[in-house]
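Taking it in order: structure first as structure tokens, then the write-up.
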């Protein structure tokens, strides 16, 4: 988990310098969006193999690393948003996975838990980090993030940049929630699972 948190905190500083037609991904995505979803895979496999208590401990260890790294790599507001979003999203994943692991299909628990954790992670991070309404409580916001720009960098409707960033980040998380089912399936029985 520590490796995923460290990689994501470093890679979030680098925009995806790639174009898809008129869409400039550098306007809406960083490479951190592609590494962070692996945290949900780690959490789900840990939960399956060793149980909910161990999964919570893995999340807490990652949280400690996230706080220290964020304090050095970003502003206090971003650090608070990052650590809070990580803790809320990952703990929701742990809880939901544990509750859903008894369902019939092998893929339901990791997919629903990862998707739900991703919703919470995205909402908490982008709201705490960039919403101008929280500037009085959390400190000055990022003026660039609050500027209006075409949604997704190409649509006619304009929204604050941070909302396009959140939508793009969430889209990647949902894609990876589905794609990471393949390695989950391949690894799920490599260690004798913790009893459901």
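Note that Cβ sites are derived from N, Cα and C of the backbone, with glycine treated the same way.
Annotation comment: TrEMBL describes 20-42, 49-72, 78-97, 109-131, 162-182 as transmembrane segment.
For the transmembrane segment (49-72), the partner stretch with the highest count of Cβ pairs under 8 angstroms, out of 20-42, 78-97, 109-131, 162-182, is 78-97. Panel annotation: around the transmembrane segment (20-42), residues 1, 4-5, 7-14, 58, 62, 86, 90, 93, 110, 113-114, 117-118, 121, 149, 152-154, 164-165, 167-169, 172-173, 176-177, 180, 183-184 of the same chain, lying at least six beyond its termini, place a Cβ under 8 Å from a Cβ of the stretch.
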